[in-house]
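Peer 1: Please find one structure pasted underneath; my questions will follow.
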Amino acid sequence: MSIICAKVAWLPLTLGTAMGFLITFYLARTLLERNSQPPLALRSWNNMELLPEVGMSHFHLPEDNSVSEELSKKVRVLCWIMTGPTNLKTKAIHVKNSWTRHCNVALFMSSITDEDFPAIGLGTGEGRDKLYWKTIRAFHYAHKYYLNETEWFFKADDDTYVIMDNLRWMLSNYTADQPIYFGKRFKPYIKQGYMSGGAGYVLSREALIRFVEGFRTGVCKHTTSTEDVAIGNCMQLMGVIAGDSRDTEKRETFHPFPPEHHLTMKFSESKSFWYWSYCVYPIVEGPQCCSDLAISFHYISPEDMYTLEYFIYHLRAHGYQYRYQPPLSDNADNLPVYIENETVKPNRTISDFLEPPMES
C-alpha cells in the first residue's frame, strides 16, 4: 500500500517535470527559429512577394534635378531589355520597376508576346543559341518604330542595372549621327574589340541604321550565337567605331560584374581568369575600379535592383556634397531639346515587320 501511495505521490512531480521540459523545448525552438530568420519584410523580399509593390518616388525636397531633366530631353535613350517568358515575373518585373523608369522608351523583348506585362514577341526560340537572333530582331524593331523618337538605343539583360542619368551624361559628348557605340570593351576576336553583352551597350542612331543596312545588304549575317561578339563584328564591318566609355579620370563606367566584385575581388590573384585577357583597358582593383559616374553593373539580383535604386537616388550623407560633378560639355549645350511625345505606341510583334531577318 505504501509503495502505491509513493508512486501516486511522485506522479504529479513527474508530469510537471515533463510538461516543463516540453514547454521549455518549444519556447527554445521558437526563439531559435525566430532568430535564425530575417525580419518579415526581408522574408517577403526573398519570396518575391513585395518586390513588385515597392514604390520608389524620386522626388526630394529640396532637390535640383534640372540638369538631369534637361539631358533627358536632349539625349533620348530607348532601352530594350532581353528577357524571356519564364523571366518576366522573376527578373524583368524588377527591371521594369526600377531603372527602366528613367529611360525615354523602355521595351521588353521576349520570344513570345505578353500583352499584360507587356513584352514584345520576336518570334524566336529561347536559349543561349537564340540570343543573337533576339538581338537582330530587337534592333530591327527599334529601327522600324522608334528611329526618329530617340537618338540612342541601349540593350541590356534582365539582370543588368543601369544608371541612366550617367549614361546620358557620357553620351552628351557625342551626337547621334556619329557611327559609334559604347559599352564594356573586350578585345578578343574583333580587331577594334567588342562590347560585353551583360554590361549592356548603346548604339547611336547612325550605328543602328548601319546595323540594319548590314543585314539588308548581306554584309552582316547570323554566323554565331555569341551575341556580343557577333554584333561587334557587324559594327566593325559597317564602319561603326567602338567608343571609349571611360570617364575623364580614365575609370571604367560599364561593368560586367556586380559592384562588390569590382570593389573587393582580387582579380590579380588568378591571372588565368578570362577577364584578364579580355579587357582592353587595364584592370583596377579596389575603390578606383569604377567611375563615380558608373553606368552599368551585371548579375544584379532582384533585391539588389531596389537596393541600388535606393543607394543612387535616395541615400545621402549629411553635410557632404558630391566630390565629382563634372559640368556638361560644350557639345551638350548645342544639342537640340526635344518635346516629349505623348503618343503611346502599341506593342507589336515580329509579324508587323516588313521582311524581318529570318532564322536560317
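Any Cβ shown, glycine's included, is placed from N, Cα and C.
According to Swiss-Prot, the feature UDP binding site maps to MET82, GLU126, GLY127, ARG128, LYS134, ASP157, HIS298, TYR299. Marked as Mn(2+) binding site by Swiss-Prot: ASP157, ASP159, HIS298. Annotation comment: Swiss-Prot describes TRP274 as glycoprotein binding site. The annotation disulfide bond is assigned in Swiss-Prot to CYS79-CYS103, CYS220-CYS234, CYS289-CYS290 on the grounds of similarity to another entry. Residues or ranges marked as topological domain 'Cytoplasmic' by Swiss-Prot on the basis of sequence analysis: 1-7. According to Swiss-Prot, the feature topological domain 'Lumenal' maps to 29-360, an assignment based on sequence analysis.
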Peer 1: Going along the chain, which residues six or more apart from MET82 (UDP binding site) have their CB under 8 A from its CB?
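Peer 2: For MET82 (UDP binding site), the qualifying residues are MET109, LEU131, LYS134, THR135, ALA138, LYS155, ALA156, ASP157, ASP158.
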Peer 1: Quick one: pull the CA-CA distance for CYS79 (disulfide bond) versus HIS298 (UDP binding site), whole Å only.
Peer 2: 15
Peer 1: With the cut-off set at 10 Å between Cβ atoms, which of these disulfide-bonded residues ends up with the most neighbours? Options: CYS220, CYS234.
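Peer 2: Result of the Cβ crowding comparison: CYS234.
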Peer 1: Which has the fewest other Cβ atoms within 10 Å: GLU126, ASP157, ASP159, the binding-site residues listed?
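Peer 2: If we count Cβ atoms within 10 Å for the binding-site residues GLU126, ASP157, ASP159, the smallest count is at GLU126.
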Peer 1: What is the number of other Cβ atoms found within 10 Å of the Cβ of LYS134 (UDP binding site)?
Peer 2: 23
Peer 1: Excluding ASP157, ASP159, HIS298, which residues of the same chain place their Cβ within 8 Å of the centroid of the Cβ atoms of the recorded Mn(2+) site?
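Peer 2: Going along the sequence, the neighbours come out as ALA156, ASP158, THR160, GLY198, ALA199, GLY200, TYR299, ILE300.
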Peer 1: Restricting the comparison to the binding-site residues ARG128, ASP159, TRP274, HIS298, TYR299, which residue's C-alpha is spatially nearest the C-alpha of CYS220 (disulfide bond)?
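Peer 2: Going through ARG128, ASP159, TRP274, HIS298, TYR299 one by one, the closest to CYS220 (disulfide bond) is ARG128.
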